[in-house]
Amino acid sequence: MLGTLGLWTLLPAAAQVSPNRRTCVFFEAPGVRGSTKTLGEMVDAGPGPPKGIRCLYSHCCFGIWNLTHGRAQVEMQGCRDSDEPGCESLHCDPVPRAHPNPSSTLFTCSCGTDFCNANYSHLPPSGNQGAPGPQEPQATPGGPVWMALLLLGMFLVLLLSSIILALLQRKACRVQGGSDPEPGSGGDCSEELPELAELRFSQVIQEGGHAVVWAGRLQGEMVAIKAFPPRAVAQFRAERAVYQLLGLQHDHIVRFITAGQGGPGPLPSGPLLVLELYPKGSLCHYLTQYTSDWGSSLRMALSLAEGLAFLHEERWQDGQYKPGIAHRDLSSQNVLIREDRSCAIGDLGLALVLPGLAQPPALAPTQPRGPAAILEAGTQRYMAPELLDKTLDLQDWGTALQRADVYSLALLLWEILSRCSDLRPDHRPPPFQLAYEAELGSNPSACELWALAVEERKRPNIPSTWSCSATDPRGLRELLEDCWDADPEARLTAECVQQRLAALAYPHGASSFPESPQGCPENCLSAPASAVFPCRPQQSSCLLSVQQGPGSRSPDPVGDTVQVYVNE
């Protein structure tokens, strides 16, 4: 029976470990997906296989065992990414979990002492399987009492420290006149936002979990007003901090006008973001209502890539520093359509400032608080595989988040191209569908997305006519496939996607968008066009890829106005 696993030999090393850092047994069975090595620093106890790991983000160890036909085998041991219920346990007390194999049962445990995950105290019976005999952990007499007193003392010290820090922070805020703390710093200083007396609310155009978006007027200009309730002040501060970064102005990023406080009529006053209003609505709304020709589709795709490349770029310009920014919530609801039918990226509530090489020390971003903060993301449908299975590279998290954005960008490019009439022999695209809607429906669960995108490595379907409608039979397919590759390191950068789309939009240095791609041969499946696609970059190392969507009306005239939308 697998009990102690021969790993208690690691315990003497605990005396050499910092008392502020939990040390756990580390083990991963061959073939296990999703390594937890990045959650701590490896500690070798000797030349043999047993290893320890010193936790970086929690004080909690875990263990996973697989019980099959009465035989237990260890699957994983290591550090958890955060302290959670169960971590206060002194010993590893396994809890049964479901297993895809009916003849097997997984047991997991969490505990909060050094090397507590080296063995389990017992495995409770599951179904008709026999459980191993109880094994009492070898504990020093009086150990639990001593540990309880130690934990109580640590709790009192932390409580006193928190009270002192809160008082000092409150005093500092008063001295500074209510200055706003850094986003995510945990500060709760009250601040006096300006009252926007000239702001007029007209109608609600979108409601979300953290805010309500209104159409309104400010000093005679039509604007979008993102109104946050008092409980969502942290979300307000985080989004405002990104919009107020110097050098963030760009045609394809939603324009920030001002921030303040106020409210419509009798409703309580709260923090507000005032943004430019985009009457044509979101990309999702637009694609649902209209089809587009080749030139309009390229305009939307290229402007979207330009906006994301700008967000990701770290640069100095005119004496102003702009850090790299990961969006983390790209979706067709969070992209808005401008009057010229180009795109503007909005909803920066989850955006994260990235560490940079040229960053002034005063502008260095606050390190996210552990993996949970880094892995936080927006709309599940557009989440990259490494976010769905939580294998994102936490050592180089800035680059990893940019690669996850490019995956989301690929799904948006697929949605745009799915409504391009020139990519269909009959010029009649099907009704608009979101990415993966054809495979999983309109409201897929995280488990369904994981099974399709991670386990099966499926992506939205790319119709064969897309290859035939362009003179390069591989151009669009390559672009999309290189953006949503299962290997994050193999994906294009946003700048590279921009270059590839620019070559499609301006073939041979043309000054305007092409009206349509070269026509499709009669038999698209057997006779793809063989000519060299003039839109394909001839000297770029970048690659590209795309997929399918819905339909109804033909392209709208530029002056046509549809229901007002704004990102939230």
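From the backbone N, Cα and C atoms, a Cβ is placed for every residue, glycine too.
Within the set Cys60, Cys61, Cys109, Swiss-Prot assigns Cys109 as the partner of Cys92, by disulphide bond. The record in Swiss-Prot pairs Cys79 in a disulfide bond with Cys55, which is drawn from Cys55, Cys60, Cys87. Using CA atoms as reference points, the disulfide-bonded residues Cys55, Cys79, Cys92 were checked against Asn66 (N-linked glycosylation site), and the closest is Cys92. Here the glycosylation sites are Asn66, Asn119; the one with the fewest Cβ atoms within 10 Å of its Cβ is Asn66. Listed recorded positions: Cys92, Asp329. The one with the lowest count of other Cβ atoms within 10 Å of its Cβ is Asp329.
Asn119 (N-linked glycosylation site) and Cys109 (disulfide bond) are 10 Å apart (CA-CA, integer value). Non-local contacts of Cys79 (disulfide bond) by the CB criterion (under 8 A, 6+ apart in sequence, same chain) comprise Arg22, Cys24, Phe26, Thr36, Leu39, Gly40, Ile53, Arg54, Cys55, Leu56, Tyr57, Ser58, Cys60, Cys61, Phe62.
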